[in-house]
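To start, the structure itself, in structure tokens.
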Amino acid sequence: LLGLCLITQILTGLFLAMHYTADISTAFSSVAHICRDVNYGWLIRNVHANGASFFFICLYLHVARGMYYGSYLQKETWNIGVVLLLLTMMTAFVGYVL
């Protein structure tokens, strides 16, 4: 599920980026353009927004499973996972702000 969410996020993000304008005066109108004029643009935008939440739910379940089964005893693997979790959170924050 985690991989499926990640692939969905990447694909919908690419489709949204094709129609998005980052200029400060036209950013809002480009989002309105995506929702109104692009075929299934409203669906792509909603899948991208809700897919991010589902991705983090799956990620937290994965961490909880690791804690339940004692995977934290494998120090190197656990530390790499923590670094990846923090990088994912930072990336999501930057994506949300931008």
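If you go along the chain as it appears here, the first residue is 1 and each next one adds 1.
A Cβ is built for glycine as well, from the same backbone N, Cα and C atoms used for every other residue.
Keep in mind that this is a model prediction, so the values were computed, not measured.
The transmembrane segment annotation in Swiss-Prot covers 1-18 (among others).
Annotation source Swiss-Prot lists transmembrane segment at 42-63 (among others).
For H48 (heme b b562 binding site), the same-chain residues 6+ apart in sequence whose C-beta sits under 8 angstroms from its C-beta are Q9, T12, G13, L16. Summarising the annotation, Swiss-Prot assigns heme b b562 binding site to H48.
Per Swiss-Prot, heme b b566 binding site is recorded for H62. Sequence-distant neighbours of H62 (heme b b566 binding site) (same chain, six or more apart, CB under 8 Å from its CB) are L2, listed in sequence order.
Within the same chain, residues 13, 22, 52, 56, 59, 63, 66, 71-72 sit at least 6 positions outside the transmembrane segment (78-98) and bring their C-beta atoms closer than 8 Å to a C-beta of that stretch. Look at Swiss-Prot and you will find 78-98 (among others) tagged as transmembrane segment, backed by sequence analysis.
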